[in-house]
Amino acid sequence: MKTLIVFVACLVCAAASDCGPLQRLKVKSQWEKVYGGSAEIREKFGSEVWIHVFLHDPKVKELFTRVRGDNVNSHEFKAHANRVFGGIDICVSLLNDPDTLNAELTHLHDQHDQRGIPHEYFDVFRHSLLQTMASHVEHFDQDAWKACFDVIKNGIAEGLTE
């Protein structure tokens, strides 16, 4: 099964031709502007994204009872948000290294599969991430982000329950 997931992740990367070298560079640069600052800035950004997620689809909170999704200011949820955005940071940095990116995506897929996270919520998260990014980055490149984040999103979410 793991081999199949890695194969699908490779196909996803290959099919994401809109996430070419220039788009990857733009995504990395814009991510650095938002996420490359202090821990306080990263934490604030993460909270903004999750607040947007929960406002956009309140049912998502039900997936985060273990980490106090009812309170984005709780220590448990802040720690979870830091782990999520740490994973995104790794994936963004690996956009130019497909083999290592696919290994990371397989790892993240397995974690989400074990927790029963439905595929549909990755679209909600993507929407909230891009909306929040756009409010922080001048001349935000929505097309580059959609294409490149879809490589990450699909690599994690492919094959999860609907």
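Using the three backbone atoms N, Cα and C, a Cβ is placed for every residue, glycine included.
Just so you know, TrEMBL annotations never went through curation; they're auto-generated.
Keep in mind that what you see is a predicted model, and the values were worked out from it rather than measured.
Here TrEMBL flags 1-16 as signal peptide.
Here TrEMBL flags 18-161 as domain 'Globin'.
Secondary structure at CYS148 (disulfide bond), as computed by DSSP, is helix. Annotation source TrEMBL lists disulfide bond at CYS19-CYS148.
Annotated heme b binding site per TrEMBL: HIS112, in sequence order. DSSP assigns HIS112 (heme b binding site) to a helical segment in the three-state reduction.
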Checklist entry - How far is it from CYS19 (disulfide bond) to HIS112 (heme b binding site), counting Cα to Cα, in Å? => result 24
Next on the checklist: Using the alpha carbons only, what distance in Å do you get between HIS112 (heme b binding site) and CYS148 (disulfide bond) once rounded?
Outcome noted: 20
Item to check | Other CB atoms, at most 10 A from the CB of CYS19 (disulfide bond) | outcome: 23
